[in-house]
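Inspection log for the structure reproduced underneath, given as structure tokens.
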Amino acid sequence: MPGMSLPAPRLAVIHTGGTIASRPSPDGRGLTPQQPPSLPGLEGVTVTDAQPFNLPSPHVTPAHMGQLAALIRDLADTHDGVVVTHGTDTLEETAFALHLLLDVPLPVVLTGSMRHAEEVSWDGPANLLDAAHVALHSSSRGRGPLVVIGGDIFDARTVTKIHTTAVDAFGGYPGPIGRIDREGTRARVHYFAVPEPRATYHPAHLGAKVEILYAYAGWTGEGYAEAAARADGLVIAALGTGNLPAELLPLIRATDKPVVIATRTHAGPVLPVYGYAGGGATLVEAGAIPASFLNAHKARLLLLILLGQGLSREQIAAVFDRDEF
Ligand SMILES: NC(=O)C[C@H](N)C(=O)O
């Protein structure tokens, strides 16, 4: 009807800590999360804030990820988009856990900053505003949780932190799925990929113990037996396409818990192609599960969630094999 204005879009901003909330601590001991950033320059939007915790992201656990998923589910009916501010160190893990746990239709966008509010190159406000625009954009729906940093929009499955200090700290093969740029107050959002259907999971708990072992030249299995005894499942950041020294083969064959083989190489899938002792084909024959293209820490979260849902080793292998994530 002429003269009737559309209701203001409703955005929820959930602050969880990280450098985007950090400042030098008064006791001179270094940066600590203190004050969450405020959202600049977004006209005509109703914003609600939440702060379930205020942590440096190395203190974030799967339990916090579950808490965030529950909060976002609660907000989903009354909001059009959600932004989560988060420390960058484990941001990709929270993004992927939410990707696996959330089946809400509204966009959920994670962001953070690499510089704190008292530095000249403070990147918090721009990242926060970009994330807000992306979260309220209709093309962002149906893509699962997204990560927005430095104007790049990433898929939670592939995004990874690639630099410890640079402002453009995020990447990951095959790169961003979209881009946000601002022209004055107008946001221009472009996607280079179409939304894809994805599986989500409803674990009874997030308390399964999954440990990661990191392979290296000359590893003869140090630490493997201890980890296999105390954990519910293992992930190995293996070599290349998912290969290990020969000594690991009998250890994996003797393990009845799920052992997922990821790669310490920064891009590409795990493929069981090599037939020498410890080669990927022999590890799979011994019962190991290839992680597809998930990095070790994301494969760990998927395994932890599948264990929390009570899946058997065979069912878990099928999820990884069919890329059901
Ligand atoms: N840039 C950052 O946010 C790093 C910080 N250590 C964190 O992850 O909490």
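We number each residue from 1, going along the chain as drawn.
Using the three backbone atoms N, Cα and C, a Cβ is placed for every residue, glycine included.
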Since TrEMBL lists THR88, ASP89 for substrate, which candidate among SER57, SER113 does it give for that site as well?
SER57
Using only the Cα atoms of SER57, THR88, ASP89, which the record gives as binding substrate, return the largest interatomic distance in Å, rounded to a whole number.
7
If H, G and I count as helix, E and B as strand, and all else as coil, what does DSSP give for ASP89 (substrate binding site)?
coil
Are there residues of the same chain, six or more positions away from THR19 (active site, O-isoaspartyl threonine intermediate), whose CB falls under 8 angstroms from its CB, and which are they?
LEU31, GLY87, THR88, GLY112, SER113, MET114, ARG115, HIS116, GLY124
For the domain 'Asparaginase/glutaminase C-terminal' (209-320), what does DSSP give as the number of helix, strand and coil residues?
40 helix, 20 strand, 52 coil
Can you work out the mean pLDDT of the predicted model over the domain 'L-asparaginase N-terminal' (10-183)?
97
Compute the mean position of the Cβ atoms of SER57, THR88, ASP89, which form the recorded substrate site, and then list in sequence order the other residues of that chain whose Cβ is within 8 Å of it.
GLY18, THR19, PRO56, PRO58, HIS86, GLY87, THR90, LEU91, GLY112, LYS161
